[in-house]
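Peer 1: For reference, the structure I am asking about is given below.
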């Protein structure tokens, strides 16, 4: 079958021919319809320091997808041939304390689809049936293919009560923009997103944020004054991993504010801890999606009217995958969809 693989320790992704995966007793075989390119896939393409430490080569990559069930393991119940599914990309052990306690998203033995085991940039994918999520009929293939990153956004945004709150989102990548849209949809008062990429800030405006602020030429404090904010932000969603953005967030949080962090900062990032302590801030790290509460919330948000369509900016056939990666690497894109049909 056709598959996009990391073949060697160098920049690039290559189209390859690999054997179709075998279906285990508890697995589903999924025929891929559409995939989306994640920032993680760009890291793998670029072969940066994280990729060099993490990705065994050769490896079929990719973990954002929608497809159709075409094979079912003999122990699997609850699925049938033809079901349209996406899936949780974190394969968990089922045996550690967190898994046994129902906190599977915190499994210490997590294996990543398209990172540590063969991924979805292929004609067929095998995953445990436990990880598959049936897509409701009124959700499109395009939207279903970005459920993985949308789940990161939903998990982060809904970590805290947002109704009536002023929310600061730092980082207008696709996940940050989707998190801001979720916050607005569920009843936040002001949702302000910051970045220095004007293209992505314009996408955020299309998604309905209160203000999209280019901090290279506009003061966040001035925007807060303009919005009539006198006490700071109640909730911060840190999506950028950029130390200056996080420091600005700490400066502008209200006392007792809550911060959810999805962005990955440098390991040696320094902050003024006095602001955390004396403001009484609560900081929560976010990884992946809650299994499977986040998935149910994703579907419900879209079915209740949340419009994510502006975040999908580019569509290519799989034979034009290089154009898709070029668009993602340029920084002038939202989500990029690759069609396998």
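Using the three backbone atoms N, Cα and C, a Cβ is placed for every residue, glycine included.
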Peer 1: Can you pick which of 175, 302, 311, 312 Swiss-Prot lists for the same NAD(+) site as 195, 200, 262, 263, 264, 286, 287?
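Peer 2: Within the candidate list, Swiss-Prot flags 175.
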Peer 1: Which ones, of the recorded positions 40, 96, 99, 175, 195, have a Cα no more than 10 Å from the Cα of residue 63 (Zn(2+) 1 binding site)?
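Peer 2: Candidates kept after distance check: 40.
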Peer 1: Would you mind checking how many other C-beta atoms are within 10 angstroms of the C-beta on residue 93 (Zn(2+) 2 binding site)?
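Peer 2: The answer is 14 other Cβ atoms.
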Peer 1: In whole Å, how far does the CA atom of residue 38 (Zn(2+) 1 binding site) lie from that of residue 264 (NAD(+) binding site)?
Peer 2: 15
Peer 1: Using residue 263 (NAD(+) binding site) as the reference point, find which of the recorded positions 40, 43, 93, 96, 99 has the shortest Cα-to-Cα distance to it.
Peer 2: 40
